Amino acid sequence: MNSLFSTALLSVLCLGLSHQVHAQAQATATTKPKSEKRTAEAKEEGTLTTNHGLPVADNQNQLKAGVRGPVLLEDFIFREKMQHFDHERIPERIVHARGSGAHGYFQCYESQADITKAAFLQDPAKKTEVFVRFSTVAGERGSADLARDVRGFAVKFYTKEGNYDLVGNNIPVFFIQDAMKFPDLVHAVKPEPHNGIPQAASAHDTFWDFASLMPEINHMLMWVMSDRALPRSYRMMEGFGVHTFRLINAKGVASFVKFHWRPKLGVQSVLWDEATKINGKDPDFHRKDLWEAIERGDFPEYELGLQVIDDATAAKLEFDLLDPTKLVPEEIVPLRIVGKLVLNRNPDNFFAETEQIAFLPTNLVPGIEFTNDPLLQGRLFSYQDTQLSRLGGPNFHQLPINQPKGCPMGFGTNFQRDGMHQTMVPKGRVAYEPNSLDGGKGPRENPAQGFISAPEEMTGPKVRKRSETFGDHYSQARLFFRSQNETEQRHIINAFTFELSKVQSKEVRVRMLAHLAQVDATLHSGVAAGLGMKETSETLKPAVPAHDLPPSPSLSILGKAPKILAGRKIGVLVADGFNAAALAALRKSAAAEKAVLAVISPKVGGAKDGEEKVVQADMALSGAPSVLFDAVVILSSKESSDQLAADKTAVDWVSDAFSHCKVLGYSPDARPLLDAAGVKADEGTIEVGQETGDFIQAAKNGRIWGREPAVRPRG
Ligand code: HDD
């Protein structure tokens, strides 16, 4: 029987199965009764129904005129099911469409009453529930995690004074200074409208055209071209409130504040070449990493740091605190660490929670206020507005994930009524205030506890104008670039070169080079050389030329990388005849360091150790490229190493690990594979047997950056 015929016959047989057979099969597979004496009521309990409660007898077949006849329009059970399905999707977020969320809590270390009256920052014994959503910005909902992009870091605190949302990013500055330009920025970076290309990428003409015409973007460009835009994990990423906010204490004293999240695991990034490969082999890399860490009880933690700035210090800063393209160096205002955020529970349902959560920068609590930052001021309108179309009306606060569940008053203790998707049933005849008919039982305003905006003086003419104090677009870009070490600077140069190489308009490339020349001569010459462009870039005469600021070491990721393996992943490639004792020793050391170890073998069924015992693999070689791991080990016999040396997938596994500067452990017999992969001995290539100490120590120190210029000069 040929295979086409047998498949066809099989499907006919399957279609012929009666619904009873299906129902029986399902009962055995999923709902096997615990006791033979299953009662009629118990069966009723598990009965599948329509949305209106009608029990469904057959969930396999439409209603037809004869078993081989057409479907009847009257099949309301089918129509209801299909209609619900047809409407399952809601509009994706215009930005930050792709995200991943988690529940957890926030706890302050001590009362912050001296600077703010916010209730969730007062009592160290109190845990405040939170939901956090991490996201990429430009890509659509189905795009890949490792795009070169900013990451969203949005935290909803369910406080007893209502929800407080800190809707931040993993980069402390922004592309533009005024929200008026936000739609233009997003249109420029999103896929080009005529052909919808490219997805989740800034490397195209419209983004760089816009960038080259907006000098205020230059500081942010340094960050997005740096490895900050390629996080290793959401667990290893900083977060920032970006804008300057105001804190107000109970006495009414106000100070400026910048919010920072610091990951306990330190900041870590991947290389651009790794990012592009991860996107292909494991596009959910970040989402899976977060989910799996929480599932195994390895709860991501971040500390909340505040840069508190009094008015006198603010007046001395040489830039305007209201300008969101500027940061306050930590060397000038150090962080005050005030509490921790722990993510300890995965969502039960992605759509209901991660997709339907609505963050609003207007969700404030007494003790925290806005400033006049013109980017923030525009956000105050945009988020509430976008939820109306995304979540279908003004009652999105009633969705369980958006309800202010920390607040004893609950939601809806006011006289707002009706609207699409109203799920409450307000009682009584009174829906207004003041009134004399509710007997004083209805809600009333409360000046003692309610939110009162700090009485800030407002003066000035009505103007559409940018403040001159926002005029310096290059000094902090230069500060960032010059605060990076040589490796980090090389990565920035390579990123600009890659992105601008994808730009077809030469005029745009020339304009961008002119900006880079203002930022730093090495940056400019590196990118110009990478592009092979000799055009002069001397033409730009900025209104405020860059001036030198003292470097800020805290801006370098590598400068402050912790020497730990916690939360990192070691990939061990095992092939037949490998040394079982070495694997056991590696497992033990990895566990001691709180690292995760994954065994990879040519086949997922596993490999035989030297004693012929089969050890199961966690992943097969073809689905587990070395880019998924932070450090790698190869354990094999001489014979299996010879075989792998002729297998391109295995050779790539090793040569990628080497050229991505990873620490590489190997059993002596694995040498032929290493040679085939072009591995040259250095301090990061380490023999592993029962003794694993040197390998672990080297892996804790991080990548072997000294390798990079020779093996991967273009990134
Ligand atoms: Fe925004 C979503 C962060 C500027 C308009 N933004 C959104 C999310 C984050 C940020 C993390 C995703 C929230 C979630 O997970 O649901 N946005 C920022 C930061 C900004 C910023 C840190 C600058 C400092 N955003 C910004 C401006 C505007 C918007 C200037 C418009 C005036 N942002 C939106 C939006 C989104 C959004 C269109 C899309 C989905 C949503 O709001 O709920 O309204």
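Residue positions begin at 1 at the first shown residue.
Every residue, even glycine, has its Cβ placed from backbone N, Cα and C.
Note that the structure is a prediction, hence the values are computed from the model and not measured.
Record features (TrEMBL):
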- 1-23: signal peptide (SIGNAL)
- 26-56: region 'Disordered' (REGION)
- 33-46: compositional bias 'Basic and acidic residues' (COMPBIAS)
- 49-441: domain 'Catalase core' (DOMAIN)
- Arg93, Arg133, Phe182, Arg379, Tyr383, Arg390: heme binding site (BINDING)
- His96: active site (ACT_SITE)
- Asn169: active site (ACT_SITE)
Widest Cα pair spacing in Å over the listed heme contacts Arg93, Arg133, Phe182, Arg379, Tyr383, Arg390 is 21
Determine, to the nearest whole angstrom, how far the Cα atom of Arg133 (heme binding site) is from the Cα atom of Asn169 (active site).
11
Among the recorded positions listed here (Arg93, His96, Phe182, Arg390), which has the Cα closest to the Cα of Asn169 (active site)?
His96
Which of Arg379, Arg390 has the fewest nearby Cβ atoms, counting only those within 10 Å, among these binding-site residues?
Arg390
Within 10 angstroms of the C-beta of Phe182 (heme binding site), the count of other C-beta atoms across all shown chains comes to 18
Taken over the domain 'Catalase core' (49-441), the model's mean pLDDT:
97
Using all protein chains in view, find how many other C-beta atoms are within 10 Å of the C-beta of Asn169 (active site).
22
Can you tell me whether DSSP puts Tyr383 (heme binding site) in helix, strand or coil?
helix
Local Cβ density at Arg133 (heme binding site) - other Cβ atoms counted within 10 Å:
24
Determine, to the nearest whole angstrom, how far the Cα atom of His96 (active site) is from the Cα atom of Phe182 (heme binding site).
14
